[in-house]
Amino acid sequence: MSFISDPGRTDCRQDTSAGSRKLLLPVNDSPALFSHHTISIGNNTIHQICMPLADTAVLHKIGQIHNIFLPDNIRQSRHKRQTEFIAGRLAAKYALLQYGYSNFNLKTGSQGQPLFPESLQGSLSHTSNQRQCLAIACVQKKQPTHRFLGIDIEYRQHQSIMNEHKSTLSLFLRAAELRYITEHSTDLPLMALLLFSAKESIIKAWFHQYQKLINFTDIAFQSYRHSYLNFLIDSPLTHANPQTAEVYFHCTKEKIITIAYI
C-alpha cells in the first residue's frame with residue numbers, strides 16, 4: 001500500500017503548494033517569520049502554519065502583533081512548546097476568518113482543548129522537529145448534517161520511532177491491527193504512524209461529541225480505501241453498538257495530516 005499523495009515538502013521560506021498564501025511578516029532580507037497555506041482534505045479546508053524555531057524575542061513579537069497571549073503554564077514551558085502554542089493559535093485565527101471572526105482569542109478548556117465560538121466546532125494540532133513547527137486548524141459550523149471532526153499532523157521523520165522501538169506499537173495498535181499492517185503494508189513504520197495519527201484525530205472527534213476521552217485500543221482499524229480509512233469505536237458510550245469513523249489523510253514526504261469524522 002502506498003500513501004504518498006504529494007511529493008513536495010513544506011518549507012517556511014519557500015512554499016509553492018497550490019493553496020499557499022504569500023509569506024507573512026518579513027523582516028528586511030531575513031526569512032519570513034511564518035507562512036500560511038490551505039489544504040483540502042475530506043470535506044474541509046485545513047489551515048497550516050509553518051514557523052521556524054525563532055528566538056524568544058521574535059516569537060513574542062509574533063504573539064503581540066497577532067494578539068496571542070501565552071498562558072502562564074505555556075510561558076513557563078520549553079521554547080518549542082511556546083512556538084507550538086503560537087503557531088496553533090495563528091492557524092486557528094486563519095480558520096476563523098472565513099466565519100467572520102477577525103480577532104477571536106481561543107481559551108483553553110479543562111481537558112486542554114481549545115474553546116471555539118459556540119456556533120462553531122474546531123480542532124487544532126501541531127508537530128515539531130529541530131528546525132520548525134507545523135500547526136494546523138480546521139473549523140466548521142455546528143449543524144445537524146455535519147459530523148464531529150478531529151485533526152492531527154505528524155512529521156514523517158517520527159516514524160523512525162516506530163521502526164527503532166517496535167514495542168511502542170502495542171501502545172496504540174491492537175494485535176489484529178499489527179498483524180494486518182505487517183502482512184499487507186510495504187512500509188510498516190509509515191502505516192503505523194498513519195494509524196497513530198488517524199486514532200489521534202478520532203479521539204479528538206470523539207471528545208467533541210461526548211466530552212469524554214477514549215483509549216487508542218478502543219479504536220479498531222477496519223479497512224483502507226484510496227483516500228480514507230475506516231474504523232470502529234468500541235466504548236461503553238456506544239452501548240454495545242460500535243460507532244464508525246472515517247479518516248481522510250494527506251501524506252507527503254515530510255508530513256501526514258489526518259481528519260476524522262464520526
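Keep in mind that glycine also has a Cβ here, set from the backbone N, Cα and C atoms.
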Given that TrEMBL annotates Arg89, Ser125, His126, Asp152, Glu200, Lys204 as binding CoA, state which candidate in Arg78, Arg81 belongs to that site as well. Arg81
Intrachain C-beta neighbours of Ser125 (CoA binding site), sequence separation six or more, cut-off 8 angstroms: Gly88, Ala135, Ile136, Ile151, Asp152, Ile153, Glu200, Ser201
Cβ-based isolation winner (fewest other Cβ atoms within 10 Å) among the binding-site residues Arg81, Arg89, His126, Lys204: Arg81
How far is it from Arg81 (CoA binding site) to Glu154 (Mg(2+) binding site), counting Cα to Cα, in Å? 15
Local Cβ density at Asp152 (CoA binding site) - other Cβ atoms counted within 10 Å: 26
Per DSSP, Arg81 (CoA binding site) is which: helix, strand or coil? helix
